[in-house]
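*Asks:* Once you've had a glance at the structure underneath, I'll fire off some questions.
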Amino acid sequence: MKAAILATAAALTGSALADVAHMRRGHDSFHHRRAMHAQEPEETCGCTTEVITFYGSPTLVPISTPSATPTPAPAPETTSTEEVTTTLHSTSTSTVTVTATPETPEVTLPTPGVTSFSSTGVYTIPATTLTVTDTTTVCGATSTELPSGTATYGGVTTVVETSTTVVCPYATVKPSGSTVTSVIETTTYVCPSAGTYTVVPPTTTYVPTSTVMVYPTPATFTPGTYTQDAQTVTVTRTDYTYVCPTFHPELPSSSAPAPTTSAVPTTTAVPTSTVVPSSTTSVPASSSSSSAEVPQTTGSGQMGMTYSPYTNAGGCKSKADVLQDIATIKQKGFTHVRVYSTDCSSLEWIGEGAKQQGLIMILGVYIDSSGVSGAQSQVTDIANWAEWDLVSLIVVGNEAIQNGYCTASELASFITSAKQAFKAAGYSGQVTTTEPINVWESSGSALCSSIDILGANIHPFFNSEVTASQAGKFVQSQVDILEKICPGKDVINLETGWPSKGSANGLAIPGTSQQSEAIKSLRNDVGALSVFFSFSNDLWKSPGAFDVEQYWGCIDQF
């Protein structure tokens, strides 16, 4: 099992966007695998024109003969009579206007809003809150950026372990007069044996230039109050289409409190189509279309903590120990827990603890040296588990490109396939991967279309010119760079921290007091968008670069 979790340390290259001194170095061994029914839609009302045609019997209309001009009297036997018959149709037209009053007021559901920007600039979309009283499935919307040429989008793929009949709802468009209407249909697909099947084929299209394609997807909403966070959108090209992230339900009062300086602004209005230009440069809020709350992406706080259920010897912790650890994470004020893979009963035990404590999970699909094919079973495990109310984000791969386990194109394809499997199992939240900044700079063009939010691991210690007190500012500078790589997509820092023991890396000095100083800086500057690494020291790892790999445990700093 150890062989599956060890990785070769790789040095990060410089960046055209960031100073070489601000690049993360030699940090790959962190990431080893041990390591809304709504009220029924009202009927369409309008004006109806009724045309009634009456048909009568033919009527004979005699034609008067003009007075005769005096002429010599004709012989009697030559007298003749002429009769002319004309048939008329009588038509009567009546117009009846019917005005219907809906029995119930219109219900607005928290489906994603689609906004088009005709010019470049920075725009702010205000926050909105809606209440849903009944469960319903409607057409939502999602988007993907297509490269120029022939491309595919949409579709549903499922993974089965035995002969199975799959009944799958899917969204499509149908002609309606001179326009098209999004509708939900259901297909039944027979999977004859274990394997991966395309239940709903993707759509193939041709675009002359890079285009953001918006298309319908099924969305089910259960009763509750849904909030859509304010969005700051940086538009870098004209005629840009932006799909607002789906609303997320508010957590019950028993859940852990959100960071005090990043409360979600709300209104009682229906989502507005007005977009207000803004000069703000703050990081846009991240959101999720799943039923779990997603963290704010600006300001101070302590959003998440990474957790690996391993003992110091590298074995699996007991269920009791796992539940106690998850309780501690909640007691320390965190709202999210990040899990790297599905081994050691992570889904079941950590999931149970998260449910008990009101925590939200960031799930992981770990890719090791076996490549993307070796990670397929984890996708199946997560799809079968399907406790989506606990999940806000699924991270497919953890520095897999950095470690040389797959190429960017292989990872992008695997993410797309995994997203389809999760969606077929009922998941409507976000999916991403995570890599250091240099990989995003070199491979962002291949990855951006497959992810919903940009995930990065940002560790200031591996920059030799960053002191512990500068950790937060350094991470924010890296986030600023990452925001430009996948325009319109938020950034989440999925790993950050500081070691408590080891050798110095220039100005970056490990130690207990330095860790405390760094954690304080990170909490103040980027805590609300960051997952702290890690819950406890990982003594089962090898020492690694600067002998620090075992000493990142930081739960006691909170």
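The backbone N, Cα and C atoms fix where each Cβ goes, glycine too.
What Swiss-Prot records for 1-18 is signal peptide. The region 'Disordered' annotation in Swiss-Prot covers 64-105, 251-305. Summarising the annotation, Swiss-Prot assigns active site, proton donor to Glu399 and lists similarity to another entry as the type of evidence. Residues or ranges marked as active site, nucleophile by Swiss-Prot on the basis of similarity to another entry: Glu495.
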*Asks:* Just counting, how many other CB atoms are there within 10 A of the CB of Glu399 (active site, proton donor)?
*Replies:* 24
*Asks:* Reduced to three states, what secondary structure does DSSP give Glu399 (active site, proton donor)?
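*Replies:* Note: Glu399 (active site, proton donor) is coil by DSSP, not helix or strand.
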*Asks:* Could you tally the C-beta atoms, other than its own, that fall within 10 angstroms of the C-beta of Glu495 (active site, nucleophile)?
*Replies:* 25
*Asks:* Could you state the whole-number distance in Å separating the C-alpha atoms of Glu399 (active site, proton donor) and Glu495 (active site, nucleophile)?
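*Replies:* Distance (Cα to Cα, whole Å): 11 Å.
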